[in-house]
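Novice: Supplied in C-alpha cells, the structure appears directly below.
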Amino acid sequence: MDSPGGVTDKKRISSERRKEKSRDAARCRRSKESEVFYELAHQLPLPHTVSAHLDKASIMRLTISYLRMRKLLDAGELETEANMEKELNCFYLKALDGFVMVLSEDGDMIYMSENVNKCMGLTQFDLTGHSVFDFTHPCDHEELREMLTHRNGPVKKGKEQNTERSFFLRMKCTLTSRGRTVNIKSATWKVLHCTGHIRVYDTCNNQTHCGYKKPPMTCLVLICEPIPHPSNIEVPLDSKTFLSRHSLDMKFSYCDERITELMGYEPEELLGRSIYEYYHALDSDHLTKTHHDMFTKGQVTTGQYRMLAKQGGYVWVETQATVIYNTKNSQPQCIVCVNYVLSGIVQKDLIFSLGQTECMLKPVESPEMKMTKIFSKDDWDDTNSLFEKLKQEPDALTVLAPAAGDTIISLDFSSNESDEQQCDEVPLYNDVMLPSSSEKLQNINIAMSPLPASETTKPLRSNADPALNREVVSKLEPNTETLELSFTMPQVQEQPTSPSDASTSQSSPEPSSPNDYCFDVDNDMANEFKLELVEKLFAIDTEAKNPFSTQETDLDLEMLAPYIPMDDDFQLRSFDQLSPLESSSSGSQNAATITILQQTQTPSTAADEIKPVAERVDDVKALIVPSSPVHVINDTSSAPASPYSGNRSRTASPIRAGKGTLEQTEKSCPGAPSLITVTLNKRSTAMDEELNPKMLALHNAQRKRKMEHDGSLFQAVGIGSLFQQTGDRGGNASLAWKRVKACKTNGHNGVEQKTIILLSTDIASKLLGQSMDESGLPQLTSYDCEVNAPIQGNRNLLQGEELLRALDQVN
C-alpha cells in the first residue's frame, strides 16, 4: 500500500509533464505562426530588408492596408499603360512638393507614399495602417472627422455633390531645421496643406457567395504639402515672387521692390495699408477664412486668388503666410508672406476698386499750397516768368483774387530823387541795417562787438517783389504827430568847429524818414514780429551782394523796411522830453550820447575806417555786466554833468541781449577834452502799467539770459573800464578811443568821476519811459534790493533805520 507521500510525488510529476507539454505546444504554435507571418510578410510588396524585420503586428497592419488598397484599385477599371508612362511613374513623387495619403472613413492611413520620410521624418511603414488621429494635433481632430464624412443626402438637380476637400492639418514631424531625425516623443507640429477628394468605390462583383451586397468603400485621397518656414527657404526666389511683412491686422510694414514690376505699386505707398484693400471682392471670403486658419495654426497657403493691380485689372497670386512668434514670450509678432505671382495683369482696362484710380493714390494739393510753393521759391525770375507760373495754376489764382468787400490797395511805384540818393549812400550790412546818409555816418562811432554763432540773424533784405516792400514801408510811415511812443536815441556828434556848425546842430526827437525805423532784430524778437513769414514772403537773400557799395539801387530802402503784422503792432511813444543835466563848469562843451550798434559780421569798409583810429588807442577794454539793472559806484557826493544836447534822434530798436554797455559821466575842467555823457531817467510806476506785456516779457527774458551767460558783477566792477572821448581840433572829423581809466579819482587832476554800469535791457526800459522829467521809485525785485542797496564809505549794506532813511531820500 502506497504511503501518502508517494501519491503526492506522482501528482507533482504529472503536473510538470503537462506544463512541459503545454509549453512545447505553445512554442510549436508560435513557431508556426511566425512561419505564417514570415510568409505573409514576403507576400507584401515590400523590400526584403523591410519585411524581414517586421513584427507580427506590423505585418498584420500592413497586410490589412494592402488588402484595402487592392480593393480600392480593383474598384476602378485599370487601363493598360504604355512603356513611356511606366518610365515616368518614378518621377511623379519627385515632382510633388508633398506626399500622397489615402485615409479610410475611420481615419486609418491606407496608403502613404514613400517620400513622406523627406517631408515629415517618419517612414512609410511606420505610418501605414495606423490611425491618423495618433499623429495629428488634438485641436484638428474635429475638423478632420468632418472632412472624412461623406454625406449621402439628396442633391438638387443640376448640382453635383461637392467632394473636394482642402484644409490645414498639424502633424507630428521628427525632422529638425538642420535635417536631423529625432525620437517621436520629441517631434514638433508641422502644418500640412491637404487638398484632395473623397471617393466612394464599388467593386464589380459587389455580391458575395451568400448573396448579400458588399458596402461601398469610402476613402479620402489627399496630397499633403508642408508649408516651408521663411527662415528655411534656401532656393533663391525668382522674378515672379516678392516678399512682404505685415502687422497682426494685416497692414503692410515691408514690401519687396519687385512688386513694382509685377503689379505697379511702389513699396512706400503700400506701407500702413491693409492687404484687404487689394483683394478681389469675390475672393475676400475665402481669404478671410484662410487668415483665420493662419492665426489658429501658424501657417497657411492661400491658394490661387486675385490681387488688384495699380492701374487696373488683377493678377493671380498664391501666398504662403507664416506667423512669426517672439522668442521671449511666444507671442505672435508679425506675419511674413511669400507671394508667388502666377500670371500677368488681367483686364488692365477694368477698374475693380477706387484705390486703382490715380486720384485716390495721389494726394491733390490745395490752391493755397500751390501758391505757397510758388512764392517760397528762391529762384525768382522776371515778372513774365511769374505770370507764366500763375497761369499754369488757374485754381491758385482764385486765392489771390480779392473777395467781395475787400479793399484794393493801389501800389505806388514812384520814388523821390532825394530818397534814391540817400539810399545810394547807405551801406548795407549783412546783419545790422544802418539807415543813415554819409553825413550822418561821419558822426556815428560804431563799437564792433561780434555776436556768438547762436545769435546770428538773417538780414531783412530781399530781392523779391519791390512793390510788396513799398507796401510795407507805406504802412510803417504814419504821421509823426500821431505817434505816442517812439524809440529814439540821440547820436554822437563831434564838437562843432565853428559857431555856425553849432547853431545848425539841432535835436530832432521824431524820426524823419522810414530809414529811422530800421532796427537790429533779436532772436527773441523774431517770434514777436513773425520774421519767418517775412522771410517766406520776400525770399530773403542770406548773403548781401556788395554790402558796402555806395551804388545801391533805389529799392534797397524798401528792402530794409521791417514787417510788423497788425496783430503784433504796438504804439510808439515819443521820447522827446529829455531832462538836461546842469553843469557847474562854464567851459564845458556840449556832448551827445553815443549809440552802440551791434552786428554779427565786421564790414571791410568799416574796419578800414576804424584801423587808423585803433592805432591811436593804447588800450580798449569792454565791460560786461551780467546782472542787476543799474549799479552806481559813486566816489564823491555828487558829480554834475554837462548840459544835454544832440544833433538829431533816430528810431532805435531793442538792443541784443548778451551785450553790456559802459558809459561814463565825469566833470571836465576848462580846456579838457569833451566827455561822453549818458543820461538815463528812472522808469515811472504809472508807465509800467501802460507798457505792452509782450515788451515786458521780452525785457525780463533778456535780463534773465544776461544773468546766466555773462560774468559776475564783481569782476565787471573790478575792471573799472570807461570810455572817454577826445576831440581832435586839428580837423579830424571822427571820434577816437582813449585809454580806459580807473574808477577812482586821480589825485593830480582832481577830477571827480562817476561810473554807471548799464545793461542793454535797462537802456531799452528807459527808452520806453514816458518822460525824463518824471522821477519815481523804480520797481525793485528782491534780488535788486539785496545787490543794489546804496553803498557807503564803509562798503557795507544799509540795514534797519539807515536803509529806511536812504529810501526816504530817494522818494
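Glycine is treated like the rest: Cβ placed from N, Cα and C.
Feature annotation from Swiss-Prot assigns region 'Disordered' to 1-27, 490-518, 634-655. If you look up Swiss-Prot, you'll see 8-27 marked as compositional bias 'Basic and acidic residues'. Marked as domain 'bHLH' by Swiss-Prot: 17-70. Among the features that Swiss-Prot reports, domain 'PAS 1' is placed at 80-157. Residues or ranges marked as domain 'PAS 2' by Swiss-Prot: 228-298. Among the features that Swiss-Prot reports, domain 'PAC' is placed at 302-345. Annotation comment: Swiss-Prot describes 496-514 as compositional bias 'Low complexity'.
Map these features onto the structure and tell me what's around them.
Specialist: Counting same-chain residues at least six beyond the ends of the region 'Disordered' (1-27), none has a Cβ under 8 angstroms from any Cβ of the stretch.
On the 0 to 100 pLDDT scale, the domain 'bHLH' (17-70) averages 89 in the predicted structure.
The helix, strand and coil residue counts that DSSP assigns across the domain 'PAS 2' (228-298) are 33 helix, 13 strand, 25 coil.
Here the domain 'PAC' (302-345) has long-range neighbours at 166, 227-230, 233, 237, 240-248, 250, 253, 262-265, 278-280, 282-283, 286-287, 290-291, 294-295, 351-353, 355-356, 358, 361, meaning same-chain residues at least 6 beyond its ends whose C-beta is under 8 angstroms from one of its own.
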Novice: Tally the residues of the domain 'PAS 1' (80-157) by DSSP class, grouping H, G and I as helix, E and B as strand, and everything else as coil.
Specialist: 36 helix, 13 strand, 29 coil
